[in-house]
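As structure tokens, the structure follows; a few thoughts come after it.
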Amino acid sequence: MVHSQLPVAAPLRLLCALLLLPSATMIPGGISPRSVTDPDVQKAAEFAVQEYNALSTNAYYYKQLRIVEAQSQVVAGAKYYLTMELMKTKCAKTTGKPKVYKEIQNCELPPKAQQEKLTCHFQVWSRPWLEKMELTKMSCN
């Protein structure tokens, strides 16, 4: 009796193909690197800066210098893990309407000797179908 090699070869090829996939694509909810220039990352970063300034008790606004690293995770929506550098500006927080991101980015920086730079780690949860973003974690030093 002759046995065909076809039934064994097909599953073996499938297994080999799966092993060659990047690990993040194999694990549902795995964290993957993202480009810092990705529009969704940029939007999450803008939101993080806006929220940082709203929650901070500092008398001056901080603006985004750069996104150092970005990662994302597919959850019920997307969670963005951002490492960013922020710099204290000369724009004082005053009573009334708070500044929006684009206004903050236009704020002048103090002279070099007086500059305060922070490295911050943010987690932003985005649910676009609800038009909602939430800052779930924030730490700066």
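Along the chain as shown, the residues are counted starting at 1.
Here the Cβ of each residue, glycine as well, is placed from N, Cα and C on the backbone.
The shown structure was predicted, so the numbers you read here are calculated from the model rather than taken from an experiment.
Residues or ranges marked as signal peptide by Swiss-Prot: 1-26. Feature annotation from Swiss-Prot assigns site 'Reactive site' to GLY29; the stated evidence is similarity to another entry. Under the heading domain 'Cystatin', Swiss-Prot lists 29-129. What Swiss-Prot lists as motif 'Secondary area of contact' is 73-77. Annotated disulfide bond per Swiss-Prot: CYS91-CYS107, CYS120-CYS140, in sequence order.
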Hey, how far is CYS91 (disulfide bond) from CYS120 (disulfide bond), Cα to Cα, in Å?
20
Just to verify a number: CA distance, GLY29 (site 'Reactive site') to CYS107 (disulfide bond), in angstrom, no decimals.
38
I want to check the contact list for CYS120 (disulfide bond): same chain, sequence separation of six or more, C-beta distance under 8 angstroms. What comes out?
ALA48, TYR52, LEU82, THR83, MET84, GLU85, LEU86, MET138, SER139, CYS140
According to DSSP, which of helix, strand or coil covers CYS120 (disulfide bond)?
strand
Sparsest Cβ surroundings (other CB atoms within 10 Å) among the disulfide-bonded residues CYS91, CYS107, CYS140:
CYS140
Using DSSP, what is the helix/strand/coil residue split across the domain 'Cystatin' (29-129)?
27 helix, 47 strand, 27 coil
Note down the number of other Cβ atoms within 10 Å of the Cβ of GLY29 (site 'Reactive site'), including every protein chain shown.
9
Please average pLDDT over the motif 'Secondary area of contact' (73-77) for the predicted structure.
95
